[in-house]
Structures are given as structure tokens and as C-alpha cells.
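To start, the structure under review is shown below, and the notes come after it.
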């Protein structure tokens, strides 16, 4: 964080040679704006604010989860209904905390920055983009580190415990069981929490940047300007109301009733949110206004902007349902994977991978439709608010995430919103870097596309290898304990849990640096040496290939424990786990982080980038 904050200040400050004089505005040369040095200082400050908020969100999320885990266990003695309520409420607390924290800090930052910037809204909201960069850079380390931590422990615990020793999942005799459970908190809570916070911060920043150079910013209409934040605020109120349906209005009495109850949550929150957005759009927006669209002002009506948010919201619901269809054992895709276990682990892995690839089709089509509709109505601003629409029921999503089988819903929202957010940021970057068109037929852009499309594969290879090497150490340690501690299998002796926790912790901290560096440094290296056109190609390539790769692959078991089919299922599960919980979720941060980083550094790249092309 410290190193990157210094980079932001130095690079952005050097755009005008650290001058403290006012300069002509980027988009309107007739007006004078604040100096580049001010943007550098305030961008650095908002970067640190975003990073700090992200860290706090992850930390508080884990703290809540630790309390909730113990309480859920106690409540489970009274029946599944009581346990469900505690688990659901704790997930909701985390969701509200994220949404409210992000909203509050962003709103305070805008008002404080306004004291200095005054009427220069273009400079103000350009500086605010640092907030999204801070949120996402922390999320990357939370996601990658958490993913390596949890999967190293999980793979080690499953391979030795279930396959070699025939003991059940989460058995206290298994030395890696504590590391596995701790890892779930790190990956699924700190990682997922900071990831969704990052999406939320970035989509708000992308919308605000575009709005500041549209009629809202030019006429200084603050209410309309803060429309993205109002959408999020309504989301918090709607989710508060929706959570009551799960915990107070309908009572869950058996395990079978949990999944339908959670499905109802998604539908209720989406329907209520649609009405909420309609009201906010009607009250806060002028009936017609203009939105900046690659150099021209496009006229937009308030109902068109409402449709942009609504299309993102409903696309999120579709993605949620499709994700559940492909990952719940109530439907045929998972049952087919389970049947394939009868012939061994190889067929199980093949079926699982095929299922993962197939599960991408409908979400991608939903994202494509929402992009087309929102761009047709309100250009890049439409896409940014569509992403906010998808994220607006984040609190309900995280409450659902507290429950296992359809917890991949939140992952679906994350990758869907990441695609929209990245595209909106990409649009803002192209406008800020003063590129009129991104022409794929020019060699500068095409080489960028190729390299960008390769990055998600390189990144996934790094994270998978990290999980593999950490799991290797874990398997050896678990085997050593089973072989050397007398009475461990009989349950008379206690395993050394701390050693396994140490292996996971050390591995995750050491191994998250190379993938993190790859993502953080790529835009800087490409922007400085190859310029903004090649960088626009890299961003487009990474976006297109990264969204497809965030596929989910998970197999559940059929047949008695200890049988050959069960062992095959466990192996399939262990192969799929790093894909599902480490590489896949980290990819959505990869595409968002590279886009927001390029946007923050756009003034520097536009002024001094492309050194190699200047020399040759």
C-alpha cells in the first residue's frame, strides 16, 4: 500500500512537472481546473482510504464470522431453523457492513474533497477514482492469499483424511481440520467481502467520473450527480426489509426448506429493488440530461437510466439462478458429475470441467444483453449503473453466502458485476487518455489484445501452482502426524493443529506476492513502455478472456463413504477446489484492478507513456 501510494503521487504529480499552477480542464479548455499536483495528492489519499476501508471490511467480516460460527453451533442443538436464522443474520451483518462502510467513506470523502476543489468537479471525481483502486488492490491480496490458505488446508485434509484414512469431513482427528475451517473464513469472508467491496467502490467511481463530465457535473446538480450512491442506499434499505422475510415472516423448519427460502430472498429483493430504483430515478434525476460519450454529449431520459440499473439487477438474478442450477445437487448437472464417479476419478474430473465450461454460457449472454441495453440507452454511464444495479442487493447476496450449497451465488454476482465494472472503467480510461477509437486492426492494439487475453491464464497458472505446492507440504505434514502420533486414529491423542495452520499461513503470505505483482505491474509496464493504445488492447483482452475463465467446477459425492466412487468424488472435488475458490474468484479482481489502475494513471500514460514507440 505504502509503495503504491508513493508511485501514484510521483507519477500523477509529474504530469505537469509538479506545477502548482491551475491548468485548462481536460474536457473543457475554456475553464481552468486545479493543478495536476492536487489530483496526485488527493488520488493518493483516496487510494489509502479505499485500501483501509477494504482491510477494515475484511477484518470485521472475519470477526463477525468467528462469533457467528460459535453461536450457530450452539443454536443447531435446538434445530435447523434456529441455526439458519443465526447464520443468515450474521451473513446479512457482513453484507450491510460492506455496503454501508463503502457508501459512508465515499460520501464523506467526496464532501471533504469538495472543500478544496469547489466547482472543479472534473478534478474532484478524477481524484476519487483512487478509492476504487485502493479497495481492489487490497481485495486482490485478500482473495489470492485467502484462496491459497483455504485450499492448501482443504486439499491436504481431504486427500489424507477422506481418501487414505476413510475418516469423515471435518473430523477432529484430522490435523488439517482447523486450518481448513480457518481458511474458509479467510477466503470466503475476508476475500469475498473485500472483493465485493472493491466492485462496489469501482462501479461507483466509474459512474461518478463519467457523470462529472456530463450535464450533472457541468450544471453542478449534486443530487443527480450522486445517483450511483442513491442506488446503493436504496439497496441497503431493500435488503433490510428482505432479510425480515427469511428470519421473521417465514420460518424455516427443515434442511429441505432452506434452499427455497434463499431463492425467495433473491426474488423478493430484486422485485423490491426494481420499485426502489424507479422511485429514486423519478425523484433525483432531471427528466432529460446529457451523458458524455467518447467526446460527444448524448441526450438521455431519466426512464432510460432506470432501465440501465434494472437490466443489471435482473441480469444478476439470472446469473444467481444459473449458478445455483449448475452447483446444486438438486439438479441434473451435478447429478451427472456424481454418476461419473462410478468409473473413477478421471471421468469425474472430465465431467466436472465440462460442467464448469458449460455453466459460463447463460451468464455471459445475460452480461452481453445488459451491456448492449445499458450502452444503447446511456453509453458508458449506463454500464456503470447497471453494475451497481447488479451489486445493489449485495447484503442479501452475502446473507445467502453464509449458507453453503448456493453460496456460489455471490461468486456469480461477483464475476458478472466485474465484467460490467471493468467495461465501465475501460470506457472512462479511454475517454481520459483521449483515445477516440480503439481500432483492433492497428498492430499496437492487437498485440495488446493478445497479451491481455493471455494474462488470466498466466495468473491462474501461478495461483494453481501456489495451491499445489502448499497442499504438497500439508499432505506430508498430515501423513507424518497420522504415522507418528500414537492413538491419533483411535481418538485418544490430539493432533498438532498449530503446525498445519502455520503451513497454510506461511504459504499464503509468500505465494500471493507473484500473482499480485503480475496484476499490479502489468498496466504500469504496458502504459509506460507501449502507451495508452496498447494498454487499451491489454484491458480488452483480459476482460474478454477473464470473464469466461471464472467458471465454477464442483462435484459432490454419491455412494457410501470409503467406496471407490466416493474416493473418486473426493479427488474430483480437490481438483476443482483451487479452480473454484482460488483462481476463478481472483480473476474478477484481475480484470477490475487492471482497468481501475489504468484509469488512475491515465493522465501520466497520456502525457509520458509509450517510450518504446517514441524511440523506434
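From the backbone N, Cα and C atoms, a Cβ is placed for every residue, glycine too.
Under the heading signal peptide, TrEMBL lists 1-17. With a threshold of 8 Å between CB atoms, the same-chain residues lying at least 6 positions outside the signal peptide (1-17) that come near it are 23, 35-37, 39-41, 43-44, 47-48, 51, 130, 133-134, 137-138, 520, 524, 600-601, 603-604, 607-608.
What TrEMBL lists as transmembrane segment is 41-62 (among others). Proximity of distant same-chain residues to the transmembrane segment (41-62), defined by a Cβ-Cβ separation under 8 Å and at least 6 residues beyond the stretch ends, is recorded for 1, 4-5, 8-9, 12-13, 94, 97-98, 101-102, 105, 109, 113, 116-117, 124, 126-139, 142, 185-186, 189-191, 193-194, 197-198, 201, 600.
Residues 46, 49-50, 53, 56-57, 60-61, 64-65, 67-68, 71-73, 75-76, 124, 128, 131, 135, 189, 193, 196-197, 200-201, 204, 208, 226, 229, 232-233, 235-236, 239-240, 243, 246-247, 252, 258, 261, 394-403 of the same chain sit 6 or more residues outside the transmembrane segment (83-110) yet have a Cβ under 8 Å from a Cβ within it. Residues or ranges marked as transmembrane segment in TrEMBL: 83-110 (among others).
TrEMBL lists 225-246 (among others) with the feature transmembrane segment. A Cβ distance under 8 Å defines the sequence-distant neighbours of the transmembrane segment (225-246), meaning residues of its chain 6+ beyond its ends; these are 85, 88-89, 92, 95-96, 99-100, 102-103, 106-107, 110, 121, 200, 203-204, 207-208, 211-212, 216-217, 252, 261-262, 264-265, 268-269, 272-273, 276-277, 279-281, 284-285, 305, 309, 384-385, 388-389, 391-396, 399.
Per TrEMBL, transmembrane segment is recorded for 266-285 (among others).
TrEMBL lists 305-327 (among others) with the feature transmembrane segment.
Using a Cβ-Cβ cut-off under 8 Å and counting only residues 6 or more beyond its ends in the same chain, the transmembrane segment (348-373) has close neighbours at 307-308, 311-312, 315, 318-319, 322-323, 326-327, 333-334, 336-337, 340-341, 382-383, 386, 390, 412, 415-416, 419-420, 423, 547-548, 550-555, 568-569, 571-572, 575-576, 579. Residues annotated as transmembrane segment in TrEMBL: 348-373 (among others).
Per TrEMBL, transmembrane segment is recorded for 379-400 (among others).
Per TrEMBL, transmembrane segment is recorded for 412-433 (among others). Residues of the same chain lying 6 or more positions beyond the ends of the transmembrane segment (412-433) and with a Cβ under 8 Å from any Cβ of it are 26, 126, 129, 132, 192, 195-196, 199, 202-203, 205-207, 209-210, 213, 292, 294-295, 312, 315-316, 319-320, 322-323, 363, 366-367, 370-371, 374, 379-381, 383-384, 386-387, 390-391, 394, 397, 532, 535-536, 539-540, 543, 547, 550, 552, 584-585, 587-589, 591-592, 594-596, 598-599, 602-603, 605-606.
Annotation source TrEMBL lists transmembrane segment at 445-464 (among others).
Residues annotated as transmembrane segment in TrEMBL: 518-544 (among others). A Cβ distance under 8 Å defines the sequence-distant neighbours of the transmembrane segment (518-544), meaning residues of its chain 6+ beyond its ends; these are 4, 7, 137, 140, 419, 422-423, 426, 429-430, 433, 435, 438, 440, 442, 444-456, 458-459, 462, 589-591, 593-595, 597-598, 601-602, 604-606, 608-613.
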- Cβ contacts under 8 Å made by the transmembrane segment (305-327) with residues that lie 6+ beyond its boundaries: 227, 231, 263, 266-267, 270, 273-274, 277-278, 281-282, 285, 333-334, 355, 358-359, 362-363, 366-367, 369-370, 373-374, 377-378, 381-383, 385-393, 397, 405-406, 408-409, 411-413, 415-417, 420, 552, 554
